[in-house]
Amino acid sequence: MNRGLRQRRFLMLLAAAAAVLMVNIALESLNQGMVPAATTAPVKQIEPVVPPAPVLFQYIEIIDSCGPYYGGKCVNARSGPGEEYRTVARLRTGMVLKVGGTVERGGRTWYRVVFDEGLLYPERVSTHWYVAGDYVRSFSDEGVINLEGGASALTDSAHSTSSVQASSPQVTKRILVDRSLQMLYAYEGDALFMQVHISAGLALTPTPRGTFTVYKKTPTRYMQGPLPGVSDQFYDLPGVPWDLYFTYQGAAIHGAYWHDKFGKRWSHGCVNLPLEEAHKLYEWSDVGTPVIVRD
């Protein structure tokens, strides 16, 4: 046998031995519950999507102060953080105000009030407002929540609003306002959640009839009039609490701290509720909740 033939046979034997060795390795790996490295693919790790936490803002609710007609001792808003500063406003029980900061002075906390909501008549607020912590309930809230795709006629601060999608699961909540009975009914499905006497709009400033949607909610609003093109009535109401807006002209369902005439027409077009019921309805309602106003 010549030399070249012997070399070819040797290489063939060597290749066969290598193949047998690879098969044995693969079989041993399978027996041990492993997949040969040549056949594995990297597994891509999918990180869970965590929604961002809502931004919260600080608010105060006035407690233990004078009533709707200033009966009793009123809590005073002052121009600085101390009782030596002049009184700039008398605050009635139930008002809700947004906080821009606090000052610790003489063992007391003083809250600095801010109105960052686009006032119709900003000249009516000519100085700082500070309120002593002895007379308030402090709480945190998301602030203004708009229905995505909706916008207020008075745009709030870009740093104090959030939005939710207009598309949502099937709506089961609804609010019915009966102007003739001066009643509000809130339903979830067929179940009555609450019913309460209200004060809808006066004859010259009626609450609009029709079917609407809560497109914005906010824990407080500085409501001012006249409203150009809507009403020529003067009013100046800081800290109106628990507001559910349902028209772009400014009609809202909210609490009223300045009167107790519920069951009678008394408003400039909004739907006024007693304070406790207004807070309860505000917490229950979502933006997108239908509002039906009828006679």
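Glycine is no exception: its Cβ is also placed from the backbone N, Cα and C atoms.
According to TrEMBL:
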ACT_SITE  His254  active site, proton donor/acceptor
ACT_SITE  Cys270  active site, nucleophile
DOMAIN    173-294  domain 'L,D-TPase catalytic'
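Here the C-alpha separation of the residue listed as 'active site, proton donor/acceptor' and the residue listed as 'active site, nucleophile' works out to 8 Å.
In the three-state DSSP scheme, the residue listed as 'active site, nucleophile' is classed as coil. For Cys270 (active site, nucleophile), the count of additional Cβ atoms within 10 Å of its Cβ stands at 26 [all protein chains shown].
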